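The structure appears below as structure tokens.
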Amino acid sequence: MVRSLKNPKKSKRKNKGSKKGESSSVPLAPAKVWQPGVDKLEEGEELQFDPSVYNYLRAFNVGWPCLSFDIVHDSLGLVRTEFPHTVYGIAGTQAEQASWNYIGIFKLSNIVGKKRELVPASSADNDTDMDSESSSDEDEDESDKSMQPVLELHKVAHQGGINRIRSMTQKPHICATWADTGHVQVWDFSSFLNALAESERDTSSGGNSLHRLSPIIKFGGHKDEGYAIDWSSVVPGRLVSGDCNNCIHLWEPSSETWNVDMSPFVGHAASVEDLQWSPTEADVFASCSVDGTIAIWDTRIGKSPAVSLKAHNTDVNVISWNRLASCMIASGSDDGAFSIHDLRLIKGDSLVAHFEYHKHPITSIEWSPHEASTLAVSSADHQLTIWDLSLEKDEEEEAEFKAKMKEQVNAPEDLPPQLLFVHQGQKDLKELHWHTQIPGMIISTAADGFNISMPANIDTTLPSGGA
């Protein structure tokens, strides 16, 4: 399990798309795709990313590094595809001293990007269009200031580092935090979110002031700290929390508070690392553990797992239950592998896919809320990868694409055909989330802050009518 952040320091960097720098010029020679963990940089060499592969990319931070965050569901529209975008979120810090920690409630507005062509222009076209592209780039630089995103932030004091933070889907202003002090707390951030919603775009709301707020409930019944917590998407207010002492507690909403079952669910032989409620069943949830297993629990039939399966040979750090194909669960392990299990085959061999692309621990995994076959994975190897499990190698299509590319890029031959995108530039990646209301948008947190990205090749097919 890899969970702590390395050398947390307050970040004062300006917003940048990547720490690797940008280049607006078109390379004269075919570019080489650099493979992390395979290729090595020679002395004097520097990595550059191609900004044209993103519809949007920006870095931001809320002060101290954050091990966990969540995107807050808003009322701006269920499916938003047009720029500019606005995003609300909550984040929990990992400060150098326990008393310096806080929960950041933030709003990022004026997110201005553009759709890009998946296939670049030919080299001949590039030669003739160099002057026009150069002047276009200059115009973009001049207008860059007006296109900067606006970050507004409120800080709520929190005793101890925040291991995990989650917003309730049905009532987004209600949030739960797992503290390294061993306490699980539920908060009401409605006043801060309302203030952000009502603020003007060009003003800074909240500033550096630190607010004091008492939680609705503070539960100290866990015998150790933990990282696993999840709200039910079926029953509003229903919550589960798991700790490093192998125990899981069920929270039931009751008027303005919660009743926490003091008799825990016990079945794992080691720390409970992650929890996920079923997207369709009110009484069913899944857990994963350092013991290498995934367990499925039914709250109606006792405190032992209904099903337990061996998922990995090392710690299972994270799981994600597919909300569009509820029979599928993805899991990521400490050895860098991630797997897909089909719960319909739970009594036999449920493994339907297994990937060993990453060579360091998987730190986060999440299915796309808009495409049932797509998921994103982050790893301690500083990579965020996006996968489409429906893809297979097609020699004819590959030859056709290479012809369109005119060999502008020397692509490796051994990449998995399901690998759609590799995002780099963040150090010590910890958690990622897809935005459920903005197709193709991913936010990720790391030791050096947040990235918000929209890869250009994530072509989301939306239902007719935008529903």
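For all residues, glycine too, the Cβ spot is worked out from N, Cα and C.
Note: TrEMBL annotation is automatic and uncurated.
The compositional bias 'Basic residues' annotation in TrEMBL covers 1-18.
Per TrEMBL, the feature domain 'Histone-binding protein RBBP4-like N-terminal' maps to 45-111. Residues belonging to the domain 'Histone-binding protein RBBP4-like N-terminal' (45-111) score a mean pLDDT of 95 in the model.
Look at TrEMBL and you will find 1-30 (among others) tagged as region 'Disordered'.
Taken from TrEMBL, the feature region 'Disordered' applies to 120-146 (among others).
Sequence annotations record features per position, and here TrEMBL assigns repeat 'WD' to 265-307 (among others). Residues 1, 226-235, 238, 240-250, 313-323, 326, 329, 331, 333, 341, 343, 346 of the same chain sit 6 or more residues outside the repeat 'WD' (265-307) yet have a Cβ under 8 Å from a Cβ within it.
What TrEMBL lists as repeat 'WD' is 355-397 (among others). Under 8 Å from some Cβ of the repeat 'WD' (355-397) lie the Cβ atoms of residues 1-3, 36-37, 315, 317-325, 328, 330-340, 416-424, 426-434, 436, 439-440, 442, 444, 446, 451, 455, 458, 460-462, all in the same chain and six or more residues away from its ends.
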